[in-house]
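So that you can see what the record holds, here are the features copied from TrEMBL:
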- 1-34: region 'Disordered' (REGION)
- 17-26: compositional bias 'Polar residues' (COMPBIAS)
- 30-157: domain 'ALOG' (DOMAIN)
- 148-184: region 'Disordered' (REGION)
- 152-164: compositional bias 'Basic residues' (COMPBIAS)
- 172-184: compositional bias 'Polar residues' (COMPBIAS)
Amino acid sequence: MMSNDPGGQEAGGPSRSAEQQQQPPAQLSRYESQKRRDWNTFGQYLRNQRPPVGLPQCNYTHVLDFLRYLDQFGKTKVHVQGCVFFGQPEPAGPCSCPLRQAWGSLDALIGRLRAAYEENGGAAETNPFANGAIRVYLREVRESQAKARGIPYKKKKKKKKRKASDRDQGTMMPSNSSFQSSGI
């Protein structure tokens, strides 16, 4: 019986298993692909520094410089203080204000790079993407972009936990201190 295999091998023979071994690995998720691209981009950025910076020598200042470098590729219009559209959520016309990276994009990028650093052998204690200066920078970017676009970002207040006795009494009863001060 003749096979359709050009090498004359039976189905499932050696040529078939060689094909199976050459199949690409499983597809990465969108997040994993983006994380890999971001990690490679950051590595390239470090290699392009003069002198080149190795990953073990990388610190939070390199990360901050990288974030500032990325601004030149941004697509979010951030109005400057003197612009007539400063503080307006929907400007009426074009202006010459710079384009920047959006705060949300930078925040997501730092999250991916923080994870990639540790996945690539970096210690959590020395992770430059987890440094407090990065959080401060991101907060400042968020606040300045919100102010420039007229979008108020208000910090959410944490709800205070009330004691069980306070909940049982409700708001109808005045506190004991009011009884004491009035002499009752």
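Just so you know, glycine gets a Cβ as well, placed from its N, Cα and C.
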Can you tell me the mean pLDDT for the domain 'ALOG' (30-157)?
90
Counting each residue once, how many in the domain 'ALOG' (30-157) are helix, strand and coil under DSSP?
76 helix, 4 strand, 48 coil
